Amino acid sequence: MDGGGVDTATTAAWMEKHRHMYERATRHPFTVSIRDGTVDMSAFKRWLSQDYLFVREFVAFIASVLLKCCKQEDSSDMEIILGGVASISDEISWFKNEATVWGVDLASVSPLKANLEYHRFLRSFTEPEISYAVAVTTFWTIETVYQDSFGFCIQDGNKTPPELLGTCQRWGSAGFRQYCQSLQSIVDRCLANAPADAVQSAEEAFVRVLELEIGFWDMSSSRS
């Protein structure tokens, strides 16, 4: 242990400590219904359109993480984070193509309440006083929730509708899981050298992302 008294298993410890909330975020009834083959397709279309808006906002967030990374003495994380930036253009194109397939008019979509709340949270990371450790923790948590959620939809025994397998494989793939693990390693390393107040702020960000993800899934299932 060093820095804020944190060892290299900090993220794993958080996932255990906040297990109930983590499972609510990654085994939400919405994504479980995809795996079970019982998903309401109108809910899926709502998720598709709202997540498209989220991803557009996510671009600025990743840029803020990258900027904080560049200011670190050791900027070796940059290549991994740049991988996230590079994938965004493809992701936006994917959403547009899927919207066409599903007959969703993205131009007419407005962000719902839970989405706007998430947007406000992401925008707060442009503030210079928010540390790189907190920012990269947030980035890792967002990506990991999606990987775990959609990865579950393609595990053995799934009844995921064939037309949704591409969506689930996009975030549930082994390649994306490896990317999330790379981010997790960065987070653990940063936290091992961070002061106690930064570690606490990072844990609070971890929990906040879980809350926002649950709200986003809830929004997809309803119209709130």
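Cβ coordinates are placed from backbone N, Cα and C, and glycine is handled just like the others.
Swiss-Prot records a disulfide bond between CYS168 and CYS153, which is the match among CYS153, CYS180. Among ASP40, ASP51, ASP188, ASP197, the residue that Swiss-Prot places alongside GLU91, GLU143 at the substrate binding site is ASP51. Checking each of the recorded positions CYS153, CYS168, GLU213 against ASP51 (substrate binding site) by C-alpha distance, the shortest gap belongs to GLU213.
Within 10 Å of the C-beta of GLU91 (substrate binding site) there are 18 other C-beta atoms, taking all protein chains into account. Here GLU91 (substrate binding site) is compared against the recorded positions CYS153, CYS168, GLU213, and the shortest C-alpha distance is to CYS168. When secondary structure is read from DSSP and collapsed to three states, ASP51 (substrate binding site) falls in the helix class. For CYS153 (disulfide bond), the same-chain residues that are 6 or more apart in sequence and have a Cβ closer than 8 Å to its Cβ are THR31, ILE34, ARG35, THR160, LEU164, CYS168, GLY172.
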